[in-house]
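As structure tokens, the structure follows; a few thoughts come after it.
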Amino acid sequence: MAISFKTIQTNMSMEHVQIGFMPPADRIIAENLAQLVAFGQTKGFDFVVSPLNSPEYERVLFKDHGPQSLELATWRAGLEAFRPEDLVVRTADHADYIVGTLPDWQEFDSKDAKVRLHSELALRQQFNWISHLGLGGVMLPYPSSTEPLSNYGRVLTGSLAMLAYTTCWFRVPCMDDTLEQMVDEDMQGMKSWERWNSIRNMAGPESKLGVALELAGSLPSDAVLDRWFAEPVKVIILPEDIFLTNNMGYPVLSKRHQQVVRSFIKHKPTFIISSSQLPKLVMNEFSDDALERGLSSPYADYVRYLHRTQDAPGVIDQFAVGYQDYLQAPLQPLQDNLESSTYATFEKDPIKYQQYELAVERALLDRPIPTEGEDITVIMVVGAGRGPLVNCSLRAAERAKRNVRVYAVEKNPNAFVTIQNMKASLWGDRVTIVFADMRTWKAPEKADILVSELLGSFGDNELSPECLDGAQKFLKPDGISIPANYTAFVAPMASNKLHADVSAFKDLAHMETSYVVMFKAISLLAQPKPIWVFEHPNRQDIPLDKDPLSNHHNIRTGSIEFVSEKGGMLHGVAGYFESVLYKDVMLSINPSTHSPGMFSWFPIFFPVRTPVYIPPNSTVVLDFWRLTDTRKVWYEWRVSCRFDGVEIHASPLHNVGGRSSSIGLF
């Protein structure tokens, strides 16, 4: 049964993977197209790939016609429709089951002006016919010439609007054997990406153009393949000749190919099995063909097996469903009162609270046992929310066998209702609850341990430094702050999808705003590096028992250099944090040290207004500022790139004076 191709991009799920079949283009003609469709349906394919035109259509190049030819002039003027012999796909029958391909004789960047022009005019005629038929998809050929693709990009950019309801894929080999003959082995595959990148940049971020990436027997390095995860790879083409045969006679992929395919499966592409031979399309029901006819494609079955046997999603993957590559504004807990659902989401993270509980326990064990007056250690939980850190502190005290008195300070009136109920039903006299802003509360006594949960995706972007500056006057001179410090990390990154989503707002403000994002379709151009750190308590800048007179000590500046060995497109900056809660007890969302199973924080994304091409082995410089005035805190950032010691790009300064985004202090 035909499956509507228009639903492929939106209805793919972990239960089903869409797989198409592509026979050799020169073997499909109008007379056997219906048989190809029937074969695909019988073999369990979701669609088939067929040439749109027959070889006869190459006549429109008019190679033997001079400029005065009436036939040539008539066709150029658009006064001639397709001839029946020009087409393989002649009717709309099975239009939702067919993906059309265009011939490779169309050379949009040919040195011959007539070939360039006629290739373009032919494309427009083809796109009009595809739109008329309502084909679900069309696959554009990868140019065989080594010429720059500037005219191809221009033609596509101006023509894609003609395909209102048709998915459009640009076919790209993972390695370009012609262009990469003299390329170092570890860089092979980048030429293909660069050619696609030139087309994509001309088409713009709003283009519906996707990638059909064709794998080969030899694969690029993981670092090169990683670039494709930041691109709109909608299709993976698997030629039958890259499969091996196992002991049972069934096709399988090498371990390296399996690894690559499984990595792409996480991004939910469509698959195409391409064959260099035309299978028997019409089978004799009175021969052995009858058994063969009833069997599905072993190649497609193998892809379904890989899809079905993926590792079960972990805790983070399960939590991230619906959040991946979704732009979210960072929380502003000082300016806004968080909703109950937000608290509930954070409280589902077991790892974070295990680490907090361990940190409090170790801090209690390191504190001297009180000898004067009451045998009590005072813990103050500031920004208590609905009370999870209070529970952690009480459990830690039981494990450490210490008597504690806990204060829970919270300024959100709605959350305070919850901790009132917690005190009445669970905590009793062990906990004193306080409805106040930690920065202005007058504590009745000094704390041994100050516990807070104010970290943001960038460490300091939810104003943990400003809040704890006001709260540290509660601490005894030798008191402990949990967390003790947190470090912000940055890395240059590529993500065509995220940049396109920000660009869709069509204004400066969104381009100068940071977003919390569960990264998926991204590629880091270099590994993250630390850019600044905050430590608590801050005895150096804030007098004992006093509030800070200004916030200038929380200004930070960082300029970090990265060498991008493979290069790529820079669409923005990825931000992460690491935090030392106490001694060796840590929390981290930095990829290299990520706390296993923790999902309370997603990374942060700082876009750049205009994507930047980063050549291989060039130096990327990220300049960041954390700035403040009496009412707000904001970030400013810029990126630059040097190649062979020469600056080849410098972006404008983003978010000057916090004009587009800031974090309110009140």
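Every residue, even glycine, has its Cβ placed from backbone N, Cα and C.
Remember, TrEMBL labels are computer predictions, not curated facts.
These features come from TrEMBL:
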- Glu453: active site, proton donor/acceptor (ACT_SITE)
- Glu462: active site, proton donor/acceptor (ACT_SITE)
- Tyr343, Lys352, Tyr353, Glu410, Asp437, Met438: S-adenosyl-L-methionine binding site (BINDING)
- 44-308: domain 'PRMT5 TIM barrel' (DOMAIN)
- 318-482: domain 'PRMT5 arginine-N-methyltransferase' (DOMAIN)
- 485-663: domain 'PRMT5 oligomerisation' (DOMAIN)
- Phe346: site 'Critical for specifying symmetric addition of methyl groups' (SITE)
Given a separation of at least six residues and a C-beta threshold under 8 Å, show me what packs close to Tyr343 (S-adenosyl-L-methionine binding site) in the same chain. Gly385, Arg386, Ala415
Taken over the domain 'PRMT5 TIM barrel' (44-308), the predicted model's pLDDT averages 91
Listed in sequence order, the residues of the same chain lying six or more positions from Met438 (S-adenosyl-L-methionine binding site) whose CB sits under 8 Å from its CB are Val382, Gly383, Val409, Lys411, Cys467, Gly470, Ala471
The most crowded of the recorded positions Glu410, Asp437, Glu453, Glu462, judged by neighbouring Cβ atoms within 10 Å of its own Cβ, is Glu410
Report, in whole Å, the straight Cα-to-Cα distance of Lys352 (S-adenosyl-L-methionine binding site) from Glu453 (active site, proton donor/acceptor). 10
Report the same-chain neighbours of Tyr353 (S-adenosyl-L-methionine binding site): residues 6+ apart in sequence with Cβ closer than 8 Å to its Cβ, ordered by sequence. Glu347, Pro388, Leu389, Asn391, Cys392
If I take the alpha carbons of Glu462 (active site, proton donor/acceptor) and Lys352 (S-adenosyl-L-methionine binding site), what is the distance between them in whole Å? 17
For Lys352 (S-adenosyl-L-methionine binding site), the number of other Cβ atoms found within 10 Å of its own Cβ: 24
Looking only at Cβ atoms, how many others are within 10 Å of the one on Phe346 (site 'Critical for specifying symmetric addition of methyl groups')? 18
Distance, Asp437 (S-adenosyl-L-methionine binding site) to Phe346 (site 'Critical for specifying symmetric addition of methyl groups') (CA atoms, angstrom): 21
How big is the S-adenosyl-L-methionine site in terms of the longest C-alpha to C-alpha distance among Tyr343, Lys352, Tyr353, Glu410, Asp437, Met438, in angstrom? 24
